[in-house]
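Annotated in Swiss-Prot:
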type: ACT_SITE; residues: Asp149; note: active site, proton donor/acceptor
type: BINDING; residues: Asn7, Glu385; note: Mg(2+) binding site
type: BINDING; residues: Lys14, His209, Leu210, Gly211, Asn212, Gly213, Asp284, Phe285, Arg286, Gly332, Val333, Gly334, Glu335, Asn336; note: ATP binding site
type: BINDING; residues: Arg92; note: substrate binding site
type: SITE; residues: His181; note: site 'Transition state stabilizer'
type: SITE; residues: Arg242; note: site 'Transition state stabilizer'
Amino acid sequence: MKILVLNCGSSSLKYQLIDMNNEEVLCIGLVERIGIEGSILKHEKAGRDDKYVVEQPMKDHKDAIALVLEAVAHPEFGAVKEMKEIDAVGHRVVHAGEKFATSVVITPEVEEALKECIDLAPLHNPANIMGIDACKAILPDVPMVGVFDTAFHQTMPKSSYLYGLPHELYTKYGVRRYGFHGTSHNYVSQRAAEILGKDIKDLKIVTCHLGNGASIAAVDGGKCVDTSMGFTPLEGLIMGTRCGDIDPAILPFLMRKEGLDADGLDKLMNKESGVYGMTGISSDFRDIEDAAKNGDERAQATLEAYVKKVQKYIGAYAAEMNGLDVVVFTAGVGENGKAIRADIASNMEFLGMKLDKEANDVRGKETVISTADSKVKMLLIPTNEELMIARDTLRLVK
């Protein structure tokens, strides 16, 4: 069975075609600047070094997906001879609120439910829905599945997801912790159990998805019991441009002092904060590490604050689960930041985390980075959200 995995952003689209007989990626691609001048598709077929590139106007996601399907079935660069070889489409959907705790086959009722969640993810859900509609128009007979970033976290107990706010704000507007990166946390926790040869039901795992956006999850027996992101992807860790946890009273203070309105605050917290705002240098951790090595004190303090926040969450989740067996690092910083992983592991030996410095000297490769006698196993696992989406799609349409 061949499954097309789509991840639609507001002006971009990532895709992979995966042969589920052997979980082999047949082709991958990216469309950028949808609805903007300079639209471009970049497509790669497995086993080829050259790329197939198309630069032409794409007014909307329907135009973009039509070009994607042409590329997938291209006579030279395609991975199938004709579109009807695509057996199913798996869509990444950012926010399902409380409506879906697992992936679902997309029906008109599911689409209506997703539209009701637009207020919870105004930047992401409209693009996800546009991708679904475009696919239905071009591939009307192909089954489609929605895989939700929030679904994995729906197993959290109320004690983890309720905020200290008036209860009617939860009942009226759904104000609660939802969590994000769920597909990634799900994949790496399952993969960690496989690598260690353990039953995931017997493991207490903390998964650290450390990218430009970053979140941590407590996974007890294969189920998420807590996560650092909240009502939106802004809560939790210090991120590339997002502030993470701050005192909420800072916001009305800044509204008065800086004359900011709600949109101004939103921009400040989401686009101008995090390590970018703290250093004034970049949202790229490599740039900040270089500056820190060259004696930049703000860069040094920023990295220390970032590491300390990750350590706090690991410790808190170990306490919440009454134990800790595994810590997993994934995503851009987690997979490639050797020094940051080492700093996070430092001062954590009291929890049973002992880093193997030689094993940690690796980037982007599945590796056990803890010592043989470490009570808590630490692993580097590159995330694979596309494969997880394809697996869920296969399970539901088979």
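Glycine too: its Cβ is placed from the backbone N, Cα and C atoms.
Only Asn7, Asp149, from the recorded positions Asn7, Asp149, His181, Leu210, Asn212, Arg242, place their Cα within 10 Å of the Cα belonging to Arg92 (substrate binding site). Within the same chain, residues at least 6 positions away in sequence whose Cβ sits under 8 Å from that of Lys14 (ATP binding site) are Leu6, Asn7, Ile28, Gly29, Leu30, Val31. For the pair Leu210 (ATP binding site) and Asp149 (active site, proton donor/acceptor), the C-alpha distance works out to 16 angstrom. When each of the binding-site residues Asn7, Asn212 is scored by how many other Cβ atoms sit within 10 Å of its Cβ, Asn212 comes out lowest. With respect to their backbone Cα atoms, Asn212 (ATP binding site) and His181 (site 'Transition state stabilizer') stand 12 Å from each other. Rounded to the nearest whole angstrom, the C-alpha distance between Glu335 (ATP binding site) and His181 (site 'Transition state stabilizer') is 15. The shortest Cα-Cα distance between His181 (site 'Transition state stabilizer') and any of the recorded positions Arg242, Asp284, Arg286, Glu385 is the one to Glu385. A simple Cβ count within 10 Å picks out one of the recorded positions Arg92, His181, Arg242, Arg286 as the most packed, and that one is His181.
Counting other Cβ atoms within 10 Å of each Cβ, the lowest count among the recorded positions Asp149, Asp284, Glu335, Glu385 belongs to Asp284. Among the residues Lys14, His209, Leu210, Gly211, Asn212, Gly213, Asp284, Phe285, Arg286, Gly332, Val333, Gly334, Glu335, Asn336 said to bind ATP, no two Cα atoms are farther apart than 24 Å. Other Cβ atoms within 10 Å of the Cβ of Val333 (ATP binding site), summed over all protein chains shown, number 24.
DSSP classifies Asp284 (ATP binding site) as coil under the three-state reduction. In three-state terms derived from DSSP, Lys14 (ATP binding site) belongs to an extended strand segment.
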